[in-house]
Amino acid sequence: MECFIMLGADARTLMRVTLLLLWLKALPSLIDLSQTGSTQYLSSPEVVIPLKVTSRARGAKNSEWLSYSLVFGGRRHVVHMRVKKLLVSTHIPVLTYTEEHTPLSDYPFVPSDCYYHGYVEGALESLVAFSACNGGLQGVLQMNGFSYEIEPIKHSSTFEHLVYTLNNNKTQFPPMLCSLTEKRLLYQPFGVEEAKKSAMKQNYGKLWPHMWFLELAVVVDYGFFTNAQQNLSKVRGDVVLVVNMVDSMYKPLDTYVTLVGIEIWNRGNVLPMENIHQVLEDFSHWKQISLSQVHHDAAHIFIRSSLISVLGIAYIAGICRPPLDCGVENFQGDAWSLFANTVAHELGHTFGMKHDEESCSCGKSGCVMSTFRVPAERFTNCSYSDFMKTTLNQGTCLYNHPRPGAGFLVKRCGNGMVESEEECDCGSVQECEQDPCCFLNCTLRPAAACSFGLCCKDCKFMLLGELCRPKINECDLPEWCNGTSHQCPEDGYVQDGVPCGAGAYCYQKQCNNHDQQCREIFGKGARSASHNCYKEINLQGNRFGHCGTDGTVFLKCRMSDVFCGKVHCENVEDIHHPQAPYVLQNIYANGITCWSTGHCLGMGVPDVGEVKDGTTCGVGKICLHKKCVSLSVLSNACLPETCNRKGVCNNKHHCHCDYGWSPPFCLHRGYGGSIDSGPTSQKRRVIITVLSITVPVLSILICLLIAGLYRIYCKIPSGPKETKASSPG
């Protein structure tokens, strides 16, 4: 039995579904974009070396422009670009969370002079949006109906880059579905139709302003943060890269998109991520309170959730109408330019744009508000009309020019968040009265050194070497306090690819293998099935055996990848472990019973039966993204020899030394740890030192004592004694 997601009570025919979609599209509503598979490329990437050339940019001073020559697709292309203005503040406010889930704001330096926009020489209406912040060119280039992504090759000594051609074939993507109920219609206090009636009375030619300025706040969920290897700097870079592309798409609308703040949920999701409609509603309420310190015209949340089967959702015409000025975008791990399309699309709904109809045209094969998600760069005439109707009627918040560095409001103390120039923040008056470490004015009390953190106890820094984060498994590493900070060092773990368990390898802090996954699903005693089970089932391409999906159908595994698709088990005694909506299948393969779980597309829950990344699939090979790849794809910047074989490499490619050896390379005697873990325990050092002195002394004393007692109590004879015979008397 196959699985179907039904629309309506019967949903018997495709025509009925089609009519329903057309009806939904004609109404103001919440709009969502259905999920697609991973990015499809027309061909393998080409290696190019951008050559800097003398600028011939049209109508501008050469000092303002950079020009590069790139050869790909059999042709030479000259790109002209210049630095963007108003894209991001130099010190953009970034809000994160401590391990106690206390909000913590920072103003890290984010370069604002390395994001570019421009055009391709000789290509009318071309689009270029590049970042050059990391020593190479990364971004999107669109021209002549094709979209290309470019990214630098890491550690290349010759400035090599990869150029990918994105597939513009819209038939690969299912149409967007509009989730509409009468209840959701009533939720919007002021609908698009009323905006239209009011705007139609206006004369657009007279009222069209010179420019619009959208101040955008972006929240990043834990899944998106994890996708960036839990690297805060990478998250910031990814967000700005996407906003740079979105800003370029909105330039024809005379609209600047400025990033005014980022919040990163680096300690777990604040809201449940199971239903995108609920996420949008919860986010709209949450941001009214928790994001109120960030001045913004719109707030969107970037998520990565396998529990959600759509790409995005937003309130129509929510701009300048809090709390409806928000949206959700679900990143699926594909090209950044496609994700930027999703963000631009959902922002379009925020601006009042609906999905394009057949009569709409943008002069390109892909339009931003198309009912199919394809690489796009332009808005249609319909989108322009919707944009004008909404912004001229309610877009007053878009008139003001962004204030550099003014993302957060002035008032900070008392909101429970430790921000710049604050020593602590105990919150309300009542909370501060109970706080032994912090005053109401956000300063520390006398004799208090800290008020929060894993290395703060009783308002004091914990001693140097105190354990603040213990090791939880063989692929994890411990951390210790340094005695001068309230924060525990960043959570570190064993470098990906280091052997663990029985023939397995550490990956992302876990030691995964097929046997363990079988036990997790079917209980104690279950183990991975024979190779025949994997070969027979995972080549079928159904819910019981596959190597991923393209968004609509299950994909058959290649023979080389069969151990990276679905996990198959044997020796199953407890068949009640899997919970709904999973179904079980058992088949016989060469006399062996193979058990596996079936998963239905569109159910909104992860597939527990998919083989986990990092699982061994052959000698020197692991599973990554449903592919069996060589361990060599992982970074080997640190080797056992690097650590003198007296330690293990960590996720930052530094040595974490065994006890008895000291970092950085475990060459000299010491107390273990790494340059990232904090100094190891002082107590342990003292104990070991004392024991090293006292144990030998005690051993000698005990030996002497035993010898003395033995002589006293055993009375060892010294030789025969003479006795005199007595004479008879």
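Glycine residues also receive a Cβ, built from the backbone N, Cα and C atoms like all the rest.
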Record Swiss-Prot, residue C468, disulfide partner from C438, C442, C488: C488
Selected from C367, C382: Swiss-Prot disulphide partner of C362: C367
Cysteine of C638, C666 paired with C649 via disulfide, per Swiss-Prot: C638
C397: disulphide-linked cysteine among C320, C326, C475 [source: Swiss-Prot]: C320
Cα-nearest neighbour of N231 (N-linked glycosylation site) within the listed glycosylation sites, N381, N441, N482: N482
DSSP three-state assignment for N381 (N-linked glycosylation site): helix
DSSP-derived structure type at E346 (active site), helix or strand or else coil: helix
Residue among recorded positions E346, N441, N482 with Cα closest to the Cα of N381 (N-linked glycosylation site): E346
Taken over the topological domain 'Extracellular' (210-685), the model's mean pLDDT: 87
Separation of alpha carbons, N482 (N-linked glycosylation site) and E346 (active site) (Å): 46
